[in-house]
Amino acid sequence: MTKIKYGVVSLGCDKNRIDSEVMINEIKKEGIITNDPKEADVIIVNTCGFIEDSKKESIDTILEMSNYKNNNCKVLVVTGCLSQRYGEELQELLPEVDVMLGVNDYDKLSDAIKKSIEKGEKSLYCNYSNTVINEGGRVLTTQKHYAYLRIAEGCDNFCTYCAIPKIRGKYRSRKIEDIIEEAKFLSQNGVKEIIIVAQDTTRYGLDIYGEKTLPSLLKQLEEVDGIEWIRLLYCYPEDITEELIEEFARNKKLCKYVDVPIQHISDSVLKRMGRKGNKQLVTKVLRDIKKRVPEMSIRTSLIVGFPGEMEEDFKELKDFVEEFKFQNLGVFKYSQEEGTPAATMEDQVLEEIKETRREELMKMQRDIVKSINADKVNKVYKVVVDNFNGEHYIGRNYEMLPEIDGAIYFKCDKILNIGEMVCIKILETLEYDLIGVVCDESCK
C-alpha cells in the first residue's frame, strides 16, 4: 500500500511551531513528510489568529494550499489558533477545507484525515480545554542544534488587547519532571540550545506547585548533559524576582539574554491595557537586572497606537526607549481584536498615526543598535554556527535569538559543522548584524 504523503505549513509563533512538531511526529508514523505541497496527499496549515495581519496571512495561505486540491491533494486540514477562534465560521467560508481542528484537538488529527480520505467526511473539532499539556515526541523543524521547549500552555493575564486566553485557555504548567525529560530527549538528539517559552514563563509552577518555581526549573535544566545554552523568553516584569535575577547571574548555561514584553511605559496606557505593572515597577526591574548582570541583553516588545494613547504618552515611550537602549526591540501597531475589551474602547487611534509612531520608534532603535554594535568591534564572543551561505558562515552569540535578532557573518579556512561553537572577533558592523573572524582568543 502506498504511504500517504503529508505537507505541513506552520505559521505564527514558537508555541505554534512546537504544536506543528508534535503533529509531524504523529503523522510520520503513518506516512511520509514532504516539503513540496505539489506532492502531498494531505496538506496541514497550522494557523495563527493573534492579530489582523496574522489572520490575513493564515487565510491567504489556506487559499494558496487549497489550489493543490486541483492536483494531488485529497485532504486540506486547518489547525491552530485561527480555527480555534473561528472554526464554524471558517468551515462555512472555506468549503475547500476538509478538517478543522482547534489547539486542543490534535489527538483527533489522524482519525479525521482517515474519515475524509475513506468516506469524504468533513470534521470540525474546536473544543475549549484546560487540561495539562504533555508534548510527547516531536520532529524538530529548527536546525538540529537548537529547539524551543514549552513549559506551560495558556494565559491568566487577560490583557485588554489580547485574545490568547480565549484561544489557548487558562495557564497550565507542565510538571518539572516532564520538562526535564524532554530536555534530556532533545539533548540526546543533538540539541545544544534550548529556548524556554510559554505565554508567560515567569508564572511557571504557580498553578501546580502553589508558587512560582521558574528559578528551580532553570537550576535543574542546568544539570542536563549536552545542553550548553538555555535562553529564556516571555518574562513578565512584575514577576521577575530577585531570585530569578540571581539565577541569571549564577547559572553558567543560562544566556545573559531575556525577553521582557513591556508593551508600554505610560501608566495611563498600561492601566487601559490591563497590565499588572506600572512605570515605577518596570524601570526598577530593568535597572535591577542591569545592576546585577551588566552584560545582560534585554529584548522587549512595544505597542503603539493603543486606544487613548496621547502624544504625551508616546513621548514618554520614546524617552523610555532612549534611556534604556534595548539591544533588541519589536514595535507593533495596536490591532483591534474583536472580543477583547480594548476593541470597544473610545479614542481609537488612526491607522496613519500608528504607522508614524511605529516608524519613529524603529528609526530610534536603528540608531541605538548602531551605537551598541559599534562598541562590539574588536570584542570576542562565543558564537554558534547556524548556517553557511556558500561564502560566509552565519552564527549567533548569546545576545541573539535565532531567526528574530541579528546574526554574525564570518569566514573560516576550515570546514565548520552546523551547531559548532567558535570564538569570533568582531571586525565590522552592519545595521543589525555583525561581521567577524575566527580567532584563537578565549571566549565565553
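Here the Cβ of each residue, glycine as well, is placed from N, Cα and C on the backbone.
Listed features, source Swiss-Prot:
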- 4-118: domain 'MTTase N-terminal' (DOMAIN)
- Cys13, Cys48, Cys81: [4Fe-4S] cluster 1 binding site (BINDING)
- 141-373: domain 'Radical SAM core' (DOMAIN)
- Cys155, Cys159, Cys162: [4Fe-4S] cluster 2 binding site (BINDING)
- 374-440: domain 'TRAM' (DOMAIN)
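Using Cα positions, the member of the binding-site residues Cys155, Cys159, Cys162 nearest to Cys48 ([4Fe-4S] cluster 1 binding site) is identified as Cys162.
Long-range Cβ neighbours of Cys155 ([4Fe-4S] cluster 2 binding site) (same chain, at least 6 residues apart, Cβ-Cβ under 8 Å): Cys162, Ile164, Pro165, Arg168, Lys170, Tyr171, Gln199, Asp200. The residues near the [4Fe-4S] cluster 1 site, meaning same-chain residues not in Cys13, Cys48, Cys81 whose C-beta sits within 8 angstroms of the mean position of the site's C-beta atoms, are Leu11, Gly12, Lys15, Asn16, Thr47, Gly49, Phe50, Ser54, Gly80, Leu82, in sequence order. Cα of Cys159 ([4Fe-4S] cluster 2 binding site) to Cα of Cys81 ([4Fe-4S] cluster 1 binding site): a distance of 17 Å. When Cβ neighbours within 10 Å are tallied across all protein chains shown, the highest count among the binding-site residues Cys81, Cys162 belongs to Cys81. Counting every protein chain shown, the number of other Cβ atoms lying within 10 Å of the Cβ of Cys159 ([4Fe-4S] cluster 2 binding site) is 20. Of all Cβ atoms in the shown protein chains, 21 besides its own fall within 10 Å of the Cβ of Cys48 ([4Fe-4S] cluster 1 binding site). Sitting within 8 Å of the Cβ centre of Cys155, Cys159, Cys162, and not among those site residues for [4Fe-4S] cluster 2, are the Cβ atoms of Asn157, Phe158, Tyr161, Ala163, Ile164, Pro165, Gln199, Gly274. Using a 10 Å Cβ-Cβ cutoff, Cys13 ([4Fe-4S] cluster 1 binding site) registers 18 neighbours. Assigned with DSSP, the residues of the domain 'TRAM' (374-440) fall into helix, strand and coil as follows: 1 helix, 31 strand, 35 coil. Annotation note: Cys81 ([4Fe-4S] cluster 1 binding site) sits in a helical segment as assigned by DSSP.
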